[in-house]
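For reference, the structure is listed below as structure tokens.
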Amino acid sequence: SIADTNTTEKVDNSIKFWNSCDSYWEKSYGADEIDCHQWKCPSHYTVKQFYQCQSGQCISENWLCNGVWDCSDGSDEEGIQLLTEHTVGEHNLKLFQLLKTNLTQQKNRCLKENPERSFAQFCDIATEYPCLLANVDDPLSFRLNRPCINLRQLGDGRVDCYGGLDERNILNCSLYKQLGFGFKCNSNDSCIQRRQQCTADNRCLNGNDRLLCIYLYNNSNVKCNGQLSTATVKDVHCLNGSCLPDSRCNGLIECPFGEDEYYCPTGISSTVLGYRPRIKKSYFPSIKIQLPNYSPLSFLGNESNDNNDKITTLKSQTSMIAIQDQSSFTRSSRQKLANQYSKEGWICNRGVAGNKKSFDISQSIVHCFCPPSYYGGRCEFMSDRLTVFISFKNQTNGSSTGVIKILALLVVTINDTETVLDRHEVHFIPALDNYKEKQKFYFVYPRPHQLRSNTHHYTVRFEAYQLNENESIEFLAVWIYPVPFNFLPSQRLAKVLKYTQQSQLALNHTCFTKTNPCLNEGKCHPIMNKLSDIHSYWCECGSNSYGSHCEFKDQSCFISSKKL
């Protein structure tokens, strides 16, 4: 059946530390498998060896080049072709030395394990991955829409292949299940699991999965002999008009373009029911820690019993030892104040309680004013904190005469919509000669569990402006950094903001071409910390537009002449 992914997310229980960034989902929507780029894989090779994906995840070296994407970006299979001795990482170089192999041999091994793919004749397999394109009008028009994407687009969070095939370890079919070879409908965020695909009862509402069943004759269960079958048909009608009996997903490319094997599981996923079954739960021994269970003290007892001796019992879960404290318990002055003012003293945790009373309601309502470090209706949740260290470095020959203002924004992206959670301003003033000084500040922000899925990305954007003496403001540059380890409550980000003038940048950068990628008169700016990528840019939108490419217009700023 079609799995609906629009379900209410439950609060996850805690997981073992070593189960984070291991390529398997322990938390809903794979929240434990995102922001792993600074993760450290185990470096002790006595028991088990680990390969580190370019995404930062750690997988068993036995899973390398086995035909199944264990890395979310496919860097253990097709994606390994992009790696060089400089980008493969020190950890993996040591691993290859231990295994008495090298990167070139591993690349050749992956090519042998993934020898043929559908539509591969159109692509350069050293740099591209073959698939039908998403977001185009006619994916089967191969001259117009060549069925290839760059290997760097695998697992980048954006759907480039039809049905989400390039994001198979990022997208989901349910709370805890990766998409795999399921098909992601683009109408209502539903998913057709693999064994229900191309059946009459399981289709996308808008027919978006039509091309998934191109091997069927007119999307119907017609065999090569012309008979209509009520069961699942494995006969393949190729795009050139030929028909191959019982050829669907048999591991052999037989149609001219390989459409008989398109969207077919590879590796161990082709022989088992589920996608990437977990063979072993963990390579680390399980450590069971039992903490003592303290019985609550009788703070709410009658006032007449205040002077009675209290016996505090400590019941340990690991033993039946009871420790008796015969000393009398005296309430602290803070507890007495809390009791004197009843619930107002504690109902808002670390916040301040205020009584909100309306004229039409006789009973007042308690409203909690929370400090920045807490949030929630009763200030019951602790906010996350990001400590930021920055310094500004002007790499141009000239010296700046104006004040440089750095606007730091903590941004969360939800469904391609950016929301600013917190902001901070820093000024570098030539008269004070503080360019070389490190600036330190904090971002404190609430992060409910609904914002901890892999579809929500946190970034810190630094925007630099020059404040001139004539009171004009000039935009200088922008830097964008992802917030690593999304699951940690406290993090640290230290960056040097290196500024390069536009005249010193590459002339073939996307922002300097004739076609402006930013719509509605938006301004294109290169991202300073990604200058090596000429296709990396940020759009500065005007007051009447918004969106990642300024594609949406804000109609609230316009007044119709007919209404005047």
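Using N, Cα and C of the backbone, Cβ positions are placed for all residues, glycine too.
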Determine, on the basis of TrEMBL, the cysteine among Cys21, Cys36, Cys71 paired with Cys53 in a disulphide.
Cys71
Check for me: which candidate out of Cys541, Cys557 does TrEMBL give as the disulfide partner of Cys550?
Cys541
Please compute the mean pLDDT of the model over the domain 'EGF-like' (507-551).
90
Starting from each candidate's C-beta and looking 10 angstroms out, tell me which of the disulfide-bonded residues Cys53, Cys71, Cys541 has the most other C-beta atoms.
Cys53
Please give me the CB contact count at 10 A for Cys550 (disulfide bond), counting all chains in the structure.
22
Rounded to the nearest Å - Cα separation of Cys541 (disulfide bond) and Cys71 (disulfide bond):
36
I'm trying to understand the geometry here, so how far is the Cα atom of Cys550 (disulfide bond) from the Cα atom of Cys71 (disulfide bond), in Å to the nearest whole number?
33
